[in-house]
Structure formats: structure tokens, C-alpha cells
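Chemist: As annotated in Swiss-Prot:
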BINDING   Cys70, Cys72, Cys85, Cys88  Zn(2+) 1 binding site
BINDING   Asp460, Asp462, Asp464  Mg(2+) binding site
BINDING   Cys825, Cys899, Cys906, Cys909  Zn(2+) 2 binding site
Amino acid sequence: MKALLDLFKQVTQKEEFDSIKIGLASPEKIRSWSYGEVKKPETINYRTFKPERDGLFCAKIFGPVKDYECLCGKYKRLKHRGVICEKCGVEVTLSRIRRERMGHIELASPVAHIWFLKSLPSRLGLVLDMTLRDIERVLYFEAYVVTDPGMTPLNRGQLLTEDDYLNKTEEFGDDFSAVMGAEGIRTLLSNMDIPLEIESLRLEIQTTGSETKIKKAAKRLKVLEAFNKSGMKPEWMILTVLPVLPPELRPLVPLDGGRFATSDLNDLYRRVINRNNRLKRLLELRAPEIIIRNEKRMLQESVDSLLDNGRRGKAMTGANKRPLKSLADMIKGKGGRFRQNLLGKRVDYSGRSVIVVGPQLKLHQCGLPKKMALELFKPFIFNKLETMGVASTIKAAKREVENESPIVWDILEEVIREHPVMLNRAPTLHRLGIQAFEPILVEGKAIQLHPLVCAAFNADFDGDQMAVHVPLSLEAQMECRTLMLSTNNVLSPANGDPIIVPSQDIVLGLYYMTRKKIGAQGEGMVFSDISEVVRAYENKVVELNAGIIVRIKERKKSRSHGEEPVEAITRYETTVGRALISEILPAGLPFSIINKVLKKKEISKLINASFRLCGLRETVIFADKLMYSGFSYATRGGISICLDDLVTPSQKNDIIHAAEQEVHEIANQYISGLVTQGERYNKVVDIWGRAGDQVAKAMMDQLSVEPVTDRETGQVRADKNGQVVTQESFNSIYMMADSGARGSAAQIRQLSGMRGLMAKPDGSIIETPITANFREGLNILQYFISTHGARKGLADTALKTANSGYLTRRLVDVTQDLVITEDDCDTDGGVIMKALVEGGDVIESLRERILGRVAATDIVNPETGAVIYAAGMLLDEDAVDEIETCGIDEVKVRTPLTCETRYGLCAKCYGRDLGRGMLVNVGEAVGVIAAQSIGEPGTQLTMRTFHIGGAASRTVVANQVESKSNGVIRYSHHIRYVKNAQNELIVISRSGEVYIQDENGRERERHKIPYGATLLVQDGEVIKAGQILASWEPHKRPIIAEYAGKVRFENVEEGVTVVRQIDEITGLATLVVIDPKRRNVAQSKGLRPLVKFLDENDNEINIPGSDQPVSITFHVGSIITVRDGQQVNIGEVLARIPQETSKTRDITGGLPRVAELFEARVPKDVGFLAEATGTVAFGKDTKGKQRLVITDLDGVAHEYLIPKDKHVTAHDGQVVNKGEVIVDGPIDPHDILRLQGVEALARYISNEVQDVYRLQGVRINDKHIEVIVRQMLRRVQIMNAGDSSFIPGEQVERAEVLTENEKLIAENKMPATYEYVLLGITKASLSTDSFISAASFQETTRVLTEASIMGKKDDLRGLKENVIVGRLIPAGTGLSFHNIRKKQRLSESAAYLDTDLTENEVTE
């Protein structure tokens, strides 16, 4: 019996470990793993199916094929356990050890490990300081390498060809040794003195001045340091013993018909063994050198193929010409070990089926088909049957269940009660894609799903399937109930808004209920309470939409939950439908909140208010009741669509006719040469775009109102003046769109307006629009034109899904180890939040931006000076309301960017957990949530890049800014301007802004003012809404004179640098600067047309404070508007640059833009930022580039070489600020980090990403983007190593530097200084400290090669590593589990040390 118990014990042993280390295996290590040498290539005997002795499946080496039975059958059964059979040499034990025991092959000649040879950069090359090409020549027997030069003039590591070698042998005899093949490389490696090499390299780095040498030396130094530190020997990169994988992991399976299916590894091993044995035989026979060489090369190639097939040369193929799957292929890629078996496992106790709607369910329930439940809950039923005594054994219980006897169904009901199950819909894009429900048994075979959770699952009922999973253990059930139950997931973790919002018919029903109809039956009746209204409605005395007056009893509640709700009775003018809804309103919500037409947005606000005021439980019940009402009244309303609902506007024909006239006119202008082809096309597209909008507007105007008809007479009602009385329309289509249930104005426009302009396959717009709509029907040409767009939509969707999924995967990978690990890191850092104002519109108010954040400094009331909220307070709805009423316009809040927690984040810097509505808990995996929140809406973004000239160019170019509110004008400190002769203020700064403050001094709007604009208001002037603040010429950019004087041209030569153009219409001649490339005279290529100013004595005017003359360069395409020798005043225009000449850039939009930002790619045609604050001057041009010099305040010059076709926004003598744009173009985020710091970078990425999502109407909290930026900035570059062990220029984790610096400061040594490095998400994922996580992401081979040389230790900090090694993840409940485990380990080790000490004392 004891033996039996021992047997069970064997299975359940569990190893406790805290980290995993990877390294190179020494030959001794490999032999110690092995249970014997594999000498023969045979696998199994094809007659007896028994493994051959000493072969690849040998039972003597790897263990018995059957449990407790040796191969020859002499020993069977448990009693012989552990005996080794003397006849066949097999140990009698479990056959399971054939999965664990390894063998080995003694190689007759050393072989290089291909990973360390070919995985770039080649590690062997770095260690030996040889090129990969040279090492390969030695390894593959094309050259000799000198291993010991002796007294000869040869160098160690020098390569000799065959002829060289023979000559040198004649010359020096055997004073030197040179070898071919891996032996030579191995000798070189084993003779290396690593500490000595490290010394000389460090010396070289300090003494040499060459950049490339330093870089190269640093790379070598890193590898050698790693070998030195890890205690591994470089010669282990050359294999002398090859380990053999346990046979069960490369199985050979007999198929029917006498054939065998085998793993490719067996083939690869067989080749290695065959070649190895042949080589041994040849060596014994003393075969000629050339034959042996060939055999050694073949051995090297076969080992290469086994380790990584296809890495070098042609891949080895099997019988069917397909490349064999090597060891490296087994672990990498989507089908490899990491992603297929470790990160994505299939689970037991699960099922899947089609979903159907279950409108009668409560929010926390789902319908589970009986058959499915029976199968899923089998073990529970067996157990119950046994305890009840219905079945004596499991077998009997099984029989009962299979016969489906009545008692089984009763037991199933009992087992299922209060046992939640998890439902999952693929693709699971965010955490709400798996939720727990209580199952209700249903007939049929489909799972029933509650309609309100569809939004979270993104499910519909057109044939979607869902999977069911059963949590087995009590802990799992508990977590399901407390964390995953659908009623606990009311808010979306992406933005904190409710995600359980009614949609479609529910919205339509509620909208219809709350609409008011003039002249409905029972209008104007007065009721004493709701129940009276219900009676009247049910007896058909009043209609649902009639306006009535009713007394309503309310229980009002304030947000601070201390006080009891107060009862009050108020009279309301309302409608019957709204009165009916007030019955289901939870106590504490005022009636006024539903006394309006309920559209989708209003319903969302309603549920949000309910959650904040009445708590979770009430809200869930309320949402359910809303749903039942919505369905019920949508049915009673009987809203449907018929053709007459599609009202085509009467003005349509006139509008189209007018547009056709305009187009005709422009065509005539084009023929007579007044407009260019491009202008004509743009204008035509503009005209039709406008016409389409006009038709749509006319249609909506007609659709949205209807005349009121009298119920009795059926006549249209008129007022005193004989005007027709109108009301909001009850047109079905209008109601659907207006309520937000389905459809939009754009779709209705196509149904009953005109379809409008269509795009060609290349994205350009076809200038003849479709004037018909779907109601009228399309003709053949119109139909053909529209097919392209429709198909492109489908193709786009498929691409989008894949791209979006890949983006999510990269985001998850970079943030997966970010968990809230402590309560407060006590930092005083944070970011200052203001309202986001663009133009005159507040895009995001201050309240939205700071809601759910923690204040970083005390928030003070500006009027009283009293502290309203202390630092460290979580700002909830009440707080942000008060901050807004106090007129505070900026607040410093904590942010994940400045959090000082080493591994992880602190709760205070993160703020509110958006999915739960309170301060985030320790253990929350905020990284993954951030990644999901950004990745999940990815499928809604567009895929394409817009070309200007497509739909984008329809927006009219702005030529002025006007205020939208009353207030006081304030100039920003960047703005610089001059006064011209007419006393107008002309702006001469590039990044100037004006903003408007209201009477409380709060910023209301902010406008960018371009260079050359005329300011029409003064700083501090009081203005009215609608006043024009500044105006400018939209299509031309001026160059403004900042000095007065006489103009002198230089290098302005007609026919050389400029040409005279006659304007066709006006007949005036102007000078236009031509492109240097088009100049015909060779020596004139370098000439730059410029202008200087002379004072009255004809001396050149200098830049104030310097001896440099003012010179202003005219750029290519400039139209010069002054004459040589003309007297000009300050603020006058010297030249104009037509805007059309600036190249139209493609605007990257949608998903590619988001990916580009997070990958931190340098955009093409990148703009330049000023490296320092200083004065601009132009230097000498080079070929094709112009040289721009900024001299800073200390007189240090910073040079730029800028391509000639780029537009430099700065000009000679202009003062620019550090980080200001000096060359137009998209900005490189790395520049922003370098010149403006972390905060500016985060702001830039945040705003840019948000712009993309905002365009699609997706709300994501800034917090999530900040979390990802934090991960992109987690590595730093060492600038000065101080007394640390870092190498200058090395990139390391920030946490590592901080820890090291703390130690150094404690010892009074020099800490290392560093700069932040911005890494793209892919790069950041690969450069993480955890090699397991990086290897499972991408580039598995490279990651593992590097890690093994470094002897890296993975501390299993992140989630991914722990999933891979099969432990609980260190997040949520797992975090506390790991912490408790660590504490226990510490106390155990402490106790262990104590006992040691006492024993020692005793012995003393």
C-alpha cells in the first residue's frame, strides 16, 4: 500500500523557484544530463516494434516503453521497481521517464554552434574579433587559422589559404601551428585570457578618439564582460558533445498500413549519427586528409541543420522536399512552443455554441443548454450521486448520467445553482471579452446571452459563437463571482463610462416613450400620482406621448452618502411615457433627469448618474428594468420603415442644376486658360461637395419636422396668424437616427438625398458625382462607380483586423509587467493639466482631464487662497465640479510618467481604476488594461493614408481667426510682431498664439497666429464674441521686412537665379526665384538670391548686437515684390511664397498613425527643431543641401544641413527658442524628448494618438497612453559612468541605474549620469530584462542567444514569464500569493540561519 501512496506522491511534487537562469552548457554538463551515448542511427525494429539497442529510442538509455516492464519481459510488475535487467539493461520504472531522460552523442570532431556563429551580430566573431566571413572559411575548411604563432612573425588568429600554409610550413617547419575547422576556433577560444582582453579594451575606449572604434570596442567589451561575470567559458560555444532529446518528445508513431509518422528531429539526429560514425571510421582507417575534411564539414552542416535548419545554406529536406523542422523551429513563431503551448493552452471543462438573445434574463444570468451543462458539470454530478447514495461507484454514476435518468436533471439543477460560468467571445480584445454569469438551464442547443452585455463582447446574434468555461476550485468560483460577474463590470476600463448601455431597439423604445406629441389624446390632463397615470393609460384614456401634469414623489440624495434621502413632492409638466419610466427610477435620482427625450447619449448619462449616486446594485437593477421597458414599448410603438418615409427634398433638382451651371462656367474658364487643370478639378470637386451638403441639409430640414394634424377633424392645425403648427417629426427613419438607435444623417442622405462624390481606386475623387439616391435607384454607370468603394470597404476590414490585433499584441507585450505594486511612491512630480483648446473649441475640458487623478500639489481657491483639496487627494466628480466653479484653470496631477516605483507603479500616480470607479487596488495589471484600451478600438480606426486632394481638401482654407467668446485678449510670450507704416501689427514669430481669458482669468480659447498675419487686437483689449482677431493671405506666405532701409539685391540675376513672369490676367511682371537644379549655367548653382538693407549713408544695416549684416534669402518659388533700390519700411512684404509649392504630404491617419507613434519611428521628410535658443544665420551651401547655423547665447554654433527642397521657416537674423520648429515637416518624437523633455514628449504622443481616436468618436483616457509612454522610456543611456560598472553609451533599465546610484551615493562615490532613450514598443518589448518574455514575443533565436551568453537570470517579474512557467501571475490575487510566499521564504531562511548559528556555538 505504501508503494501505491508513494506512486501518487511522485506525481504531485512541485518545485519552488524564484528565478530561471539561462547559460551555455559545458560538455561535462551535457554528459551529466545524459543516461548513455546514442551510437547507432537505428530507431525501432520494424518487425517487433521494439527500440533498437544504442539507437535513438534505446530503452537502456531512455527507459522502458511500458510501465514497470523491462524490454525482454523478464521483470514485470511493481515489485521489481528500480531493478536493472541484466539481460537487456533496462531499468524497471515508469515509462514516463522517456519524456525526461536525455542521451548524448560524442562528436568525433568539434562543431560550432550555429546560433553563436550566424545569429547577428555573430558572438563568435565578437569574442575572437574576427569577421563572420573569416570564421566561416575556417569552420567550413576553406582556410587555416594560426592558433599558436610560436617564434614566427605570424599573428594568432591570422588566416592562411592552402598555398600560404604549405609555403609557411616550408619556411618555418613546425615552429607554428595552424588548424582548419572548429578545432582551430576552439583552440583560439580556450587560449583567450578574458580579464586581460577586458583591460585592454577599457584602455582603448578611454584613449581612442574614433567613434567607430569606441562603438566596436564597447560591443566586444559587453560580450567579454558577460563571459567574465557569468563564469562560462567561450569555448563552450563550440560543441564537442551533442545532447539528444528524450524520445517521447520526438515520437515515432506507427500508422495503419505498416508506415510510420515520425518527428523531423529523428531524421536530423540520424544524419548527425551517420556522419559522426563514418568520420570515426575514417579517422581509424587514417583516410586521406581531403576525405576527412569533407566528412567533418558534412558533420558541421548536419549539426547546423539539427539546431537551426535553413539558417546557413540550403535547408535539409525530407522525402517530400519540405524543409525539416529543427530544434529552433520548434520554439519560435506562432506555432512554436512559446506561443502555441505555453501562452495559449486549450482548457478542459469548456464548450462552445451559437448565441441567441435572452431578453428575459437578468444581467447576471445566461442561458446554458441542458445537454451542455450536463457534460460540463459531470464531475460535480458524479460526486453528488455518490454522496446521495444513488450510485456506489464512479462507474455506476457514469451509467446513470449516460442514461439521463430524471434524478440526474434534479442534481444538475442543484449543482449549477450559484456556480458561475465564464463566457468568452473571440476575439477577446479587452478584459470585458470574458465575463462570468450564473447559468440558467434552457432547452435547445444555443447559449442565451443578455442583450446589455453585447456591447462589451461586441457580439450580435447573426450566428456568433461563444465559449463557456467552468471554474472548478472554490477560489476560482469566488474570483468569478467577485471580479468577473457581469454586474461588477458596468464601467468600461478604457474611459470610465458605462459600457452596459442599451442600444438599437431598446433605445428606440425609450426614445418613443419619452417623445411628446402635440394634440395627443388626453393632452393637458392632471394626475395626482403615477399609479393614476398608469390606470388612465391602460384604459386608453391617454396616449403614451400626451403631455400631462403629474405630482411626483422624489427621494433626493446628495453624493456624500452620509445623509438620508429627503422626500419631496413636486408637480411636473411631462408626458405619460416619462411618468411610466419614473416608476423604475432608483431612489435618489431626481425626476428631472428623465423629464426629456431619452436619446442614446442621455441614457448613457442616466446610467452613469445612477452609478455615481445610487451605487452598483441599484444601477444594475435599473439597467435591467430600462431594458425590459425599452423592448416592451418598442414593440407597442410599432415603428417600422416604409418607402414613403424616405422623403426626397423638393429643392434637390434646383440645387443640382445650379451646381451644373457653376461647373460649366469653370470649364469655360479652363478652356480660355484662366485656371489650371488642377485648380479646375479642385473647384469642381468643391462645388459638388457643397451641393451634396446642401441637398442633405434640405432633406434633414424637411424630414425633421411635420405639421400637426387634429385628431377629430384630421385637418392640419394652424395658429392665429394662419401659420401651420409644426412639431418634431414622428417619421420612423428620422426617429431611428435621432435617437441614436441605428443609422446616421450620412446614411439617410444616401437613401433620400444624393449619394454624392465617389472615390477612384487610387483614392482620388471622381469629379462627376452620383446625383441619384437609393430610393430613386442608380443607373448602370452610377452603380459601377459605387462598386469600388463598397469592395474596398470589405478588403479594408480584413486588413484592419489583422493589423489592429498585431498592434494590441505589441502593446500588451511592452506593458505586461506593469502592475500596481505599492500604495504611494511619495514623489512630488506630476504634470500640469489644462483644458485642451484647439482654435476656439474646448476639445477636452479640464474636468474630463483631471477626473480620477490624484492631486500632486495642494489645490488652492484663487479668490480666498484656502486649500480646497490637499495633495494626494483623489479628485472625484464632486471635486472636479468644485474646481471648475472656483475658476481654477490648471491643476498639477500625479501621472504614471513620473512615478518612482521601481518595478511597477504606485496607486496614487495611477489614480482611479476606471472600470471600478475608485482608487486602483494594489495588484491591478494596469499595463495590460492600458494596452487593451488602446488596442480594442483599433478595428474601428481607418486603415488608409489620406492624400491631400482627396476628401480632405474640401475644408476651406482659413484666412482669419475670430473669437467665439467674450473676454480679454492675451498674447503668448512666443509672439513677436512689428508695426508697419499703416500702424498695423504684423506677426513675425512662427509659434505665436493669442488666447482669450474670461472675467475670472480662465483661458477660454487659444488660437495659433501664423507668420505674416495682421493682428487686429491689442494685448489686454476687451473683445466680443465673433470679433476678428487676426487675418492673413491664405495661399501665399510672405517674407516680412523687420528693418527699414533701402533694399539691395544680391545674386538676383534675371535668367540665372530668377525669371521674369508676366501675369496672364493682370499683365504685371514679377520676379520668381528658380530652382538651382534648373539653372543652366554651372557656376550659378551655388548662388543664393538674397536682399540686404542699406541705411541713408548706403552702409549695410547690421543685426542689432552683432557685426553681421542683415541678409534675407529668397527661397525657391518666391515671388519678389520689391524692386532693387526701393525704400522699404518695417513690416512691408519683401516676397511671397505661393503655398501650393510646399509639397502636399500624405497625412497618415488611422491605425498606421497610432502604430507609427508607438513605434517611435522617425517620420520621413522630418522637420527640424532648434537645438538651442539663439540667432539663425545661413552658412555656405553644399551640393543639394543648405547650411543653417544657430549661434546660441554662449556663442556656440549648431549647424544643420537641410535639403534644398525643404522650406526653412526661420530666416537670417531671426531669434529662435530651443525646441522651436525651424524646418517644416512632421516632428521626430526623439527630438522632442531630447530638446523639450519627458513631459512634452508624453503630451505630444498623447495628443497625436487622441486625435486619431477622437476622429472616430472613441474615448480613451490619457492615463493609458501615459502608461505606454512610461514603458517606452524605461531604458536610459549612460552618459557618464562615474564610479559605476556601466559602460558609457550603454543602454540599461532605468531601475537598474537608480538602484546602482543609490548604492554609490551611500558609499560617497560618483553616481552615473544618464539620458532617457525613447524606444518603440517592439524594441522596448525585446529589450526587457526578462529573456523569457522577449523570446516569446519576437526574434526568439536572437534573444535566447544573447541571454545565454550573458548568463541572464529571469526574476519572473512580469505576467508573461509566469504564465509560461505555469505559476500564478503576480497580479490581482496572485500578487498577494507571491508576496506571502516570499515572506515565508525569507522567514524560513532567517530561521535556518539562526539554527546554524546555535549549532556552531555549541560545537565551539
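Yeah, the Cβs are placed from backbone N, Cα and C, and that goes for glycine too.
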Chemist: Of the binding-site residues Asp460, Asp462, Asp464, Cys899, Cys909, which sits closest to Cys85 (Zn(2+) 1 binding site) by Cα distance?
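Modeler: The answer is Asp464.
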Chemist: If you run the three-state DSSP split on Cys909 (Zn(2+) 2 binding site), which class comes out?
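Modeler: Going by the DSSP assignment, Cys909 (Zn(2+) 2 binding site) falls within a helical segment, counted as helix.
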Chemist: Select the most exposed residue of Asp460, Asp462, Asp464, where exposure means the fewest other Cβ atoms within 10 Å, treating these as the binding-site residues.
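Modeler: Result for the binding-site residues Asp460, Asp462, Asp464: minimum number of other Cβ atoms within 10 Å at Asp462.
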Chemist: Among the binding-site residues listed here, Cys825, Cys899, Cys909, which has the most company in the form of other Cβ atoms within 10 Å of its Cβ?
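Modeler: Top count of Cβ atoms within 10 Å goes to Cys909.
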Chemist: Return the residues near Cys70 (Zn(2+) 1 binding site) by Cβ distance under 8 Å, restricted to its own chain and a separation of at least 6 in sequence.
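Modeler: Non-local contacts for Cys70 (Zn(2+) 1 binding site): Ala59, Pro64, Lys76, Val83, Cys85, Lys87, Cys88, Val90, Glu91, Val92.
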Chemist: Please name which of the binding-site residues listed here, Cys72, Asp460, Asp462, Asp464, is nearest in space to Cys909 (Zn(2+) 2 binding site), Cα against Cα.
Modeler: Asp460
Chemist: Which has the fewest other CB atoms in a 10 Å radius around its CB: Cys72, Cys85, the listed binding-site residues?
Modeler: Cys72
Chemist: Do me a favour and check the Cα-Cα span between Asp464 (Mg(2+) binding site) and Cys906 (Zn(2+) 2 binding site); whole Å is fine.
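Modeler: Given the Cα positions, Asp464 (Mg(2+) binding site) is 40 Å from Cys906 (Zn(2+) 2 binding site).
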Chemist: Can you tell which of Cys88, Cys906 has the least company, meaning the fewest other C-beta atoms within 10 angstroms of its C-beta, among these binding-site residues?
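Modeler: Cys88, out of the binding-site residues Cys88, Cys906, has the fewest neighbouring Cβ atoms within 10 Å.
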Chemist: Rounded to a whole angstrom, what is the C-alpha distance between Cys72 (Zn(2+) 1 binding site) and Asp462 (Mg(2+) binding site)?
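Modeler: A Cα-Cα distance of 61 Å.
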Chemist: For the recorded Mg(2+) site formed by Asp460, Asp462, Asp464, which further same-chain residues have Cβ atoms within 8 Å of the site's Cβ center?
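Modeler: The surrounding set, listed in chain order, is Ile355, Ala459, Phe461, Gly463.
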Chemist: Neighbourhood of the Zn(2+) 2 site (Cys825, Cys899, Cys906, Cys909): other residues with Cβ within 8 Å of the Cβ centroid, in order?
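Modeler: So the extra residues in range turn out to be Glu822, Asp824, Thr827, Arg894, Pro896, Thr898, Glu900, Thr901, Leu905, Ala907, Lys908, Tyr910.
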Chemist: Measuring Cα to Cα, how far is Asp460 (Mg(2+) binding site) from Cys906 (Zn(2+) 2 binding site) in Å?
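Modeler: Just about 39 Å between their Cα atoms.
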Chemist: Where Cys906 (Zn(2+) 2 binding site) and Asp462 (Mg(2+) binding site) are concerned, what is their Cα separation in Å, rounded?
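Modeler: Here the two Cα atoms are 44 Å apart.
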Chemist: Measure from the CA atom of Asp462 (Mg(2+) binding site) to the CA atom of Cys899 (Zn(2+) 2 binding site) and give the result in Å, rounded to a whole number.
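Modeler: Asp462 (Mg(2+) binding site) has its Cα 46 Å from the Cα of Cys899 (Zn(2+) 2 binding site).
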Chemist: Relative to the mean position of the Cβ atoms of Cys70, Cys72, Cys85, Cys88, the recorded Zn(2+) 1 site, which additional same-chain residues have Cβ within 8 Å?
Modeler: Ala59, Leu71, Gly73, Lys74, Tyr75, Lys87, Gly89, Val90
Chemist: Can you grab the distance from Asp462 (Mg(2+) binding site) over to Cys825 (Zn(2+) 2 binding site)? Cα atoms, rounded to a whole Å.
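Modeler: Distance between the two Cα atoms comes out at 50 Å.
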